[in-house]
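Database features, via TrEMBL:
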COILED    185-257  coiled coil
DOMAIN    1-93  domain 'UEV'
DOMAIN    268-336  domain 'SB'
Amino acid sequence: MSLAGTVPVNYRGNTYNIPICVWLLDTYPYNPPICFVRPTSTMMIKTGKHVDANGKVYLPYLHKWKPPQSDLLNLIQVMVLVFGEEPPVFSRPATQTPYPAFQTAGPTSTVFMPGPSAAYGPPRSPNLSFQGYPYPATGTYPASPGPGHFTPPAPTVAAGPGRDATIGEDTIRASLVSAVSDKLRWRMKEEMDCAQAELDALKKTEEDLKRGHQKLEDMITRIGQEMTDVDRNIELLEQKDDEMKATLEKMDNQSEKNDIDDVIVPTAPLYRQILNLYAEENAIEDTIFYLGEALRRGVIDLEVFLKHVRILSRKQFQLRALMQKARKTAGLSELY
């Protein structure tokens, strides 16, 4: 669908109605419209950074189109500002043979509202909220840039028959259908976005639940293994407890017949040697302690104390070395 009309542009103190055509794609408003300048037979396109030789309009607003902030009303206002700085058309020289009006490419079912036949006026469109302004008193468009002074031509009368000023039922119906379709598409997109957001949230919740379920299964498995280990340890403790009770009962029955030395002294020669070395080494330790007490009380003098401590210390060192060697042979841990 296309919308044709004029936009009022203020250029050098005069107001000009620039004819344009706006094509609305099927994907509008999600995609920007395509805009053309439609010069009449008395106009020529002035190419620039915003309009090419075919009359197509290039604007940053179209390039950065973002619904719903971007709409036709703001687009028209941007055109008014841009065309006010650099007009897209100018009047043909009077000596130049006029050419047919420029026609933009596209379908022929253009929604072009009628205007007065006496002068080129802005046609009405259901989606364009602005009204056309009358031409300036001179009735001319900006002249073509060039050397010398050029006098603008007199006001021209637009070619073509007059049109009825009323809006047809088909046009109203098409406009209503387009508006309803746009609203339905926008509403459907909102519903789909909302549903997609809920679906994403549900998927995330499902993933969290799956991870939690896996963690619970791992915890249950670990607890089961720990319970098995605990049961096995309980059984082992009960078994050892029974063995200890049997041993204590046996010792109680044999305590009257056993000699105390036979119970304390080991039967193996190596362990008996370790026990004797340990007892002798502790006896030397006690002797050195009491020699120190005698020195402190003045019973013996320092020379006697040092002499005996030296002898006892040397013997204690030999006993410890021999005991360490015996314990290592017996597979026991070291004491020092």
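Placed from the backbone N, Cα and C atoms, the Cβ positions cover glycine too.
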For the domain 'SB' (268-336), the mean pLDDT of the predicted model: 92
DSSP-assigned states of the domain 'UEV' (1-93) in counts, ordered helix, strand, coil: 18 helix, 33 strand, 42 coil
